[in-house]
């Protein structure tokens, strides 16, 4: 947080901290699931800022849970070992050989690196995966390409979440860092899209919020038209435009939609290229990204006059 306000005057600093108070009160003892991805995973300064954000949330009483993918790192390792990477319908084609790399990179590299960064602040983070204690159960996913169901290998969808062991980690005051690989009932291990996994997990554990880090400012309804950026959208509105979105954004917005329809109070798509973007979205009036709301949103738990988004008037949504 110091990085956010170090260049501000004393009065402005005080106002920034005071502005965060209702949000700090609201998120105390609440679970916040954060999907870690994009530039925040590859830029050293952004990685450090993200880790600090998770510790900040934990220190003020929230219960952060991190779900991560590892696309750039997987692609780099595939190139190093001479394996061809291929995508179909926005998903990585995952042969058994590619799956070995995915498994190694997600849990053995990306997850361990993030656990280490968080634990540089104290003994907070615990690495785990969808394989551990039956957290996720998956089934094979077929991708629709030009109307044709297409086999993309060991890519799965989550069909069950057993979060009992994960809740033990959370209730012990730790920060779970979840790698998105999962066993299927057929005995295979599947590569799970991290956006999809984060949304499913958030709904299953009764999270208050889901945040998805991206490399853009939020949801553009007509990418790349910058004027089409929206600061908030309700579930039915999102569902209507989902098929026409940019292919890279569809899994992220689908995850948000499923989360809010699964009981999560709101989901957020935020720009992971901004240091401390998680804190800026959760703890400042108006936020910085796009907020996805259920069709009926209960404001009674928030102080009167709370401004959720920058273009709200009198706190209305």
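Cβ coordinates come from backbone N, Cα and C, glycine included.
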Legend entry - Record-annotated substrate site (Swiss-Prot): member among 92, 112, 209 besides 70, 71, 191: 92
Legend entry - Rounded distance in angstrom between the Cα atoms of residue 252 (site 'Transition state stabilizer') and residue 92 (substrate binding site): 15
Inset, instruction - Compute all pairwise C-alpha distances among 70, 71, 92, 191, the residues listed as binding substrate, and give the largest one in whole angstrom. - result: 11
Inset, instruction - May I have the list of same-chain residues other than 70, 71, 92, 191 whose Cβ is within 8 Å of the Cβ centroid of the recorded substrate site, in sequence order? - result: 69, 74, 75, 94, 102, 105, 106, 194
Inset, instruction - Could you state the whole-number distance in Å separating the C-alpha atoms of residue 191 (substrate binding site) and residue 35 (site 'Transition state stabilizer')? - result: 16
Legend entry - Fewest other Cβ within 10 angstroms of its own Cβ, chosen from the binding-site residues 70, 71: 71
